[in-house]
Amino acid sequence: MASVAPAFLRVLLLLLPAQSWSPVVAGNPRDCDAPLVSALPPSSFGSSSELSSSHGPGFARLNRRDGAGGWTPLVSNKYQWLQIDLGERMEVTAVATQGGYGSSDWVTSYLLMFSDSGRNWKQYRQEESIWGFPGNTNADSVVHCRLQPPIEARFLRFLPVAWNPKGRIGMRTEVFGCAYRSEVAYFDGQSALLYRFDKKSIKPIRDVISLKFKTMQSSGILLYREGQHGNHITLELMKGKLVFFLNSGNADLPPTNAHVNLTLGSLLDDGHWHSVLIERLDAEANFTVDKHTHHFHTQGGSSYLDLNFEISFGGIPTPGRSRKSFHGCLENLNYNGVDIIELAKTHKPQIRIMGNVSFSCPQPQTVPVTFLSSGSFLALPGNSGDDKVFVTFQFRTWNRAGRLLSGILRRGAESFVLFLQDGKLKLSLFQLGQSSRNVTAGAGLNDGQWHSVSLSAKWSHVSVAVDDDTAIQSLVAVLIDSGDTYYFGGCPDNSSGSGCKGPLQGFQGCLRRISIGDTVVDPISVQQGALGRFSDLQIDSCGITDRCLPSYCEHGGECSQSWDSFSCDCLGTGYTGETCHSSLYQQSCEAYKHKGNPSGLYYIDADGSGPLGPFLVYCNMTADAAWTVVRHSGPDAVAVRGAARGRPRSAASFAYAAGRCEQRLALRCGTPRLPTHGTPLSWWVGRTNETHTYWGGSLPGAQKCTCGLEGNCIDSQYYCNCDAGRNEWTSDTVVLSQKEHLPVTQVVMADTGRPHSEAAYTLGPLLCQGDKSFWNSASFNTETSYLHFPTFHGELTADVSFFFKTTVSSGVFMENLGITDFIRIELRAPTAVTFSFDVGNGPCEVTVQSPIPFNDNRWHHLRAERNIKGASLQVDQLPEKIQPAPVNGHIRLQLNSQLFIEISAYFETGSSMTYNFQEHPILSENSSALASSLHGDVTLTREMITLSFRTTRTPSLLLYVSSFYEEYLSIILANNGSFQIRYKLDRHQDPDAFNFDFKNMADGREEAVVMVEVNQSAKKQVILSSGTEFNAVKSLTLGKFLEPPGADPDTRRAAARGFTGCLSAVRFGRAALKAALRPAARRVTVRGRVVAASRCAAGPGSPARELAPRLAGAAGPSGPAGEGEPLRTADRSDSAVIGGVIAVVIFILLCITAIAVRIYQQRKLRKENESKISKNEEC
């Protein structure tokens, strides 16, 4: 058979809605999936507006057709909402939506808000970021979304974000969940509950305290317990954060060990429920607030059990204490399984109620307002013509600057602007013909806390006060003549007042308790259009979030934030980058030598971006090696007299991939001692705190010095001279060379406590040479060569670096997939390297272009990093390319597979292989609710197909995927060798056919790299007329397939001919060609002859394709080790080692011709099943 050219195909199919879920498929083990809305009365539904009485919120039940078939607001804009009152607090586990029945009205994405009282709404969040829900793509299909984690709420609001552009907002909904048990107690700031234990009971080894709380006060005692000796435990809310303070009262412990002071949470004074869990098992403890847990060890052991037999909640009952008591509600308060609130409600004798404690939770009436952007504004009427100005409000923000308030003091003559600048409150007064006058009050006001502001002007003075700081400014004019409008935040587009001029941006943050004159402003009236006007506000909710909790700044970097972003200060950490992830230093002296550095002192970071910090070493650069010299912290020579133990000696403990290490230790002993029958009286401790009794060249566990191995110790019954106990000075000089035990951290001389007993030792520096993580390479010379590693774990931050050299024009260096997420680094063209990934926001790519080709058979250094702030890629000394991440997008990279270059298989004429996804169909009346069971209970948004092929036969069927509904996907080579994809998702309609105008793909010659991007980069529109859901996927077939049901004529002709040639790297989700070549593969049926064959490999004339990643080892076969040395001009390598510190999949694509086709199919935005797809600019 003539030689044939390989081709590589990658197809990405968006099949089903993101994060969708069906209660039939994904059951909850707690059976908390009951529908909660269907039985509610019409009065339980509310909305911002309605188009007509037949479009009211009462018609918004799932699958109902009465009225107009759903809720539709009067105007379709982002200020509309649909509200559901569940009647009482319920646990909500999932939601479902439909569009308006038989209409073109549906919502494509929405936000979910929840509340206990119908006031002070909170937005549902996931992944520590704002999370919008995927909506519908037609009027009648049902989209379910599970809430992870669930929420407890009485009221829910659906806020449409986007909807069908050719229709209106239209919704029908259902909520799933179950009843929620709640025992609450309200504390008025001067009350407490005192729980007294049974003194005869045994003190527990394990303590568990759990509770929920909500408050609008930033400080207060939640829990207090004390003992007889000054020891106590306190759980206290301080400035919106929860502080757990534990004092052992143990005078024998240093203060740093006697005290535990932990802080968790932030913005906990938001009037919403927060959960707390404290667990202690002996001296180990966990402190959890909401989803964040801190584990700690209590120094002092059982002293923490020496506490009184009583514990107080809500305050400290002891008179004279100055600590502020808790003002708010506690819920489900349990101590070691005891329901404290239930005991208090039933007046049990173990509980003493101090002050006024009630057992219902009052709902606050304060209505906050969120200014979402710098252009947000709230215009409120003033007292026009009044002779005074008096405005009060409270605000909280993270921004250092922003306009808060502007208005008129004297019409036509004088105005004012109140704004934040550098975290301080400033008031600027503007008067015609004069320069502005300024006063400043407060500092550090961008701390996320609520701050009270008052502005007053009367007669000849204007004053501004923030919290307890007041500033006063004299006025030139005596008469105040106030204007008719006050602007909070930004200004309307048509405004031209003095306060709206200049570069100052509008306020971003939250306002509440606004008063103008003697009138309290009701924001609900503003929302209903009865008062003032506004733009880009979220009323009845404070949307502030703490982006530094948890902190994503690594290695001790300091986190700071604004309203919609955070930044890391890496100064003094030894690291750099957006999240302080990348080390400033090389990983070894070998790396410094490679860069041409001379001998000297250097900081090295042995694990790159890992947890171990950099440390100072001396690098001794010789002609053929680089020696690393690590000195310990103490003196080299130490004398030991009259002590039971030798003194610890410390040296840097580091994970170092050196070729070899050694450390010299000289022992001198002068001691008359009692015989111990050969038991060693000296030993040393290694870096992991393990004890070693071997010395010098002896093996671990031998308990011998060098003289013991050689048989020339001064006393033959001992194996070390210093163990002989002679009344004279003896010595042992040893060289320790087991590098996994080094460095020496302690030397012990156990027999120096008697009179006249003495010893001395001299510990030299640790010497290491070589770097296994630097000098290694792997060559990939055939299509069957591969390396594979465990799943790449880099959810929030990941970096990869390696050297490579190659002669091919394209290929994949590294790839790892998840269900929908992926990460990939590839040589896309001779002059282009691309780093691509998807964490749930859509594919993102970063590409470095080079003026000279990368496939020049010379070494090139590549470094890629992805974190929640974005991605970066650098090759050699070319400028680094950076792609920012979207604001409030998904942040976690979730991978689950082991990928590598697949085994190549040769398909003889008439042969085939079929992979069965499921044996029997799992059908449902509602195919939209129950998707294909391809991956069990997981509903995918897209499926990736990859394959490499070589053939000279046409027509050919490369791949055929069928379903139980006679739906199919076929990939074929037509009679003329052109590449085609057929896509049929409705058996009653003709298939979609995509013809790609490539050259003949079956001519047996090497081809250029061809890439077609549909939706992502190519300017091509894909019209899907046959449907958008691929339901009940049955099987995948490679090769010959007789009479595929419902197939089009071209697919039938290609199926009858099958495929003759080589296929490799075939993957559809988790199904792979290698499964067919395993013994007893259960899901695979092979007909004819399909074998792994060397005939698929490159011919003898093919050049070697080499990749030299920095590999410390591999879990699978690989090609022969390559020789050579990276270019000295290559950039430094200061990050994690592939196959060393991090585990990744590494392979290079060996195909000469590479075709990459990505089809991104979106659900149709029209009832006729059309999907218009546009390029996404943001990843």
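The backbone N, Cα and C atoms fix where each Cβ goes, and this holds for glycine too.
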Range annotated as region 'Disordered' - as stated in TrEMBL, picked from 490-521, 906-937, 1098-1129:
1098-1129
List, by number or range, the same-chain residues at least 6 past the domain 'EGF-like' (544-581) whose CB is under 8 A from its CB atoms?
125, 128, 130, 265-267, 270, 292, 370, 396-400, 448, 508-510, 603, 605, 609, 613-614, 796-797, 799, 865, 867-870, 872, 887-888
Could you give the mean pLDDT over the domain 'F5/8 type C' (32-178), rounded to a whole number?
94
Counting each residue once, how many in the domain 'EGF-like' (544-581) are helix, strand and coil under DSSP?
0 helix, 10 strand, 28 coil
From the DSSP assignment alone, can you count helix, strand and coil residues within the domain 'F5/8 type C' (32-178)?
9 helix, 71 strand, 67 coil
